[in-house]
Amino acid sequence: MSQVPSFVLSFEHDPRQWSKWRRWMIALVIWNLIAPIDITLTFYSGMQEQVQEYFQTTTFIATLGVGLFNFGSIFGPLIGAPLSELYGRRPVYIGTSVGFVIFSLGTALSPTIVSLLGCRALAGLIGSAVFSLYGGSLSDMFTPDERGPFVALFTIVLQGAPTIGPVPSSLLGTIVHWRWLMGFIATWAAVVTAVVICLPETEATAIRRRLAKDQGEVMAKVPTPAQQTGSVWSKTLLTPIVMLRHEPIVLWTAVYHAFVYGLLFLLLEAYPHVYNSHYDMSRQEAGLVFIAPFLGNLLGVLVYFCFLKPQYEAQQRATFMQSGGKREIAPEARLPGVILASLLTPIGMFWFAFSAHPDVHWFFPVLSGVPVGMGMTLLQLSLFNYYIDLYPTRSASVIAANCAIRNIVSTVFPSIGVPLYNYLGIRNASLLLACISFVGFPTGVVLLVYGKRLRAASRWAKQDVADVSDTASCLDVVAPLLGQPPQNTYGGTSSTSN
């Protein structure tokens, strides 16, 4: 069991005090729930040709099966987060998994292309709610020092599952009907759902509310969902918009991250087009190309957790010791990972632009996917941790704003991939994408050099203690645990409660 209690629940009711085996099992069940939801984003791509032929529809309409799933994912996390705060995580996990199974099955049994696309959109809407819950569940059960292995595991599934998605469906798409393939996703999710129903509640307020109901007046001051509804929904839906509007750092980094993330979905259509034009590969054969960016995702996780994270923690300890516990490391210490990522992605795209040619063996352009995949993973891990350090009291809203912009771009990009490559030509289109992806490098350098000034002009950004005359008066602006040993954070969630 954990040696650090949650300070919200009594010892016997604290999820952090459950046995290690039980907590690990719960975390792995959640991981397995995320996997089918995340992989089905792109799993559809490998059977898209089958769907198009079966319903006798156009390529553009068939491509919407990817875009509409992303469209639903814009709203799912924004709805799931307040629901979990109001009613606890367990009901949302159950509703998410059951709803995803129903609409995945509906996709497999759809009699028309319209019903198929509608089921895909609804599966994305309901299923994506889980993405706003997993970080909180890990925080409920594990201390920051215990979360390391889970951060790596969840990062791999969150970034790697959409990348590897086209590979199994491309391999099986030539011999298995698309309905059976979609049925496999529904069956996989249904098996996990049967286990999810048995999961206990881990959210502190929901546990306290249940205890209040059981114990009568002993814990009667626990707020009810009805009392919280207005403030929770307004905070969840309006704060991300406010941050995008008033914080240039949030807006520019979110737009850049959205482009890099959306690049994966653009390449879902661009890769088959390029490899068919230059190497006579079928769509199923071209789908196997995504093994390369998936390997890049794995390498990105290794680089972050084996090099960038230890380096950051060493700087963090040094800053804390040199200041006698009065200062924390600046948020800009997270930016080397962002800068490295913004170099790897354009390197991969320039590589692809100049190596994708009939006179060059297909293996060389395929390898270009490795640095692209590395850049995608490193950017997400480094940028989200930068947000957490930069906006200690608003990080959840900033990440929500980032994810919303990212999913909007991912909704559009699958449909513009082939038209872009047809209009500009294969090399010129790839060069354009490479040049745009390079914009992140000067942006990262500017934030690294001028980040302190930009933070000083911000209402919500963390300020340096040395620049404030009265430390006690600025505790609402700086990190909540100022003056205590700095704690680790990880991609997508904070290690402390805001």
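Numbers here mean position along the shown chain, with the first residue as 1.
Just so you know, glycine gets a Cβ as well, placed from its N, Cα and C.
Note: TrEMBL annotation is automatic and uncurated.
What TrEMBL lists as domain 'Major facilitator superfamily (MFS) profile' is 24-452.
The annotation transmembrane segment is assigned in TrEMBL to 24-47 (among others). For the transmembrane segment (24-47), same-chain residues at least 6 beyond its ends with a Cβ under 8 Å from one of its own Cβ atoms are 65-66, 69-70, 73, 93, 96-97, 100, 104, 120, 123-124, 127-128, 130-131, 133-134, 137-138, 141-142, 150, 153-154, 157-158, 161-173, 178, 181-182, 185, 188-189, 192-193, 195-196, 199-200, 202, 264-265, 268-269, 283-284, 287, 290.
If you look up TrEMBL, you'll see 59-80 (among others) marked as transmembrane segment.
Annotation source TrEMBL lists transmembrane segment at 92-114 (among others).
The annotation transmembrane segment is assigned in TrEMBL to 120-138 (among others). With a threshold of 8 Å between CB atoms, the same-chain residues lying at least 6 positions outside the transmembrane segment (120-138) that come near it are 26-27, 30-31, 33-34, 37, 40-41, 44, 65, 68-73, 75-81, 83-84, 89, 92-93, 95-97, 99-100, 103-104, 106-107, 147, 150-151, 154, 158, 202-203, 400, 403, 492-493.
Per TrEMBL, the feature transmembrane segment maps to 180-200 (among others). Residues 15, 26, 29-30, 32-33, 35-37, 39-40, 43-44, 46-47, 90, 93-94, 97-98, 100-101, 104-105, 107-108, 169, 172-173 of the same chain, all 6+ positions outside the transmembrane segment (180-200), place their C-beta atoms under 8 angstroms from a C-beta of that stretch.
Taken from TrEMBL, the feature transmembrane segment covers 249-268 (among others). Sequence-distant contacts of the transmembrane segment (249-268) (same chain, six or more residues past either end, CB-CB distance under 8 Å): 42, 45, 66-67, 70, 162-163, 166, 243, 293, 338, 341-342, 345, 349, 372, 375-376, 379-380, 383, 386-387, 390, 398, 401-402, 405-406, 408-410, 412-414, 416-417, 420, 433, 436-437, 439-440, 443, 447, 454, 458, 461.
Residues or ranges marked as transmembrane segment by TrEMBL: 288-307 (among others).
For the transmembrane segment (335-354), the residues of the chain that approach it from at least six positions outside its boundaries are 253, 256, 260, 263, 296, 300, 303-304, 308, 311, 365, 367-379, 381-383, 385-386, 427, 430-431, 433-435, 437-441, 443-445, 447-448, 451, judged by C-beta separation under 8 angstroms. Taken from TrEMBL, the feature transmembrane segment applies to 335-354 (among others).
The feature transmembrane segment is assigned by TrEMBL to 360-384 (among others).
Per TrEMBL, transmembrane segment is recorded for 396-417 (among others). Only residues 6 or more beyond the boundaries of the transmembrane segment (396-417), in the same chain, are considered here, and those with a CB under 8 A from a CB of the stretch are 60, 63-64, 66-68, 70-71, 73-74, 77-78, 81, 131-132, 235-236, 239-244, 247, 250, 253-255, 257-259, 261-270, 273, 383-384, 387-388, 390, 492-494, 498.
Annotated transmembrane segment per TrEMBL: 429-450 (among others), in sequence order.
Mean pLDDT, taken over the domain 'Major facilitator superfamily (MFS) profile' (24-452), works out to 89 on the 0 to 100 scale. When each of the listed stretches 59-80, 360-384, 429-450 is scored by C-beta pairs under 8 angstroms to the transmembrane segment (288-307), 360-384 comes out highest.
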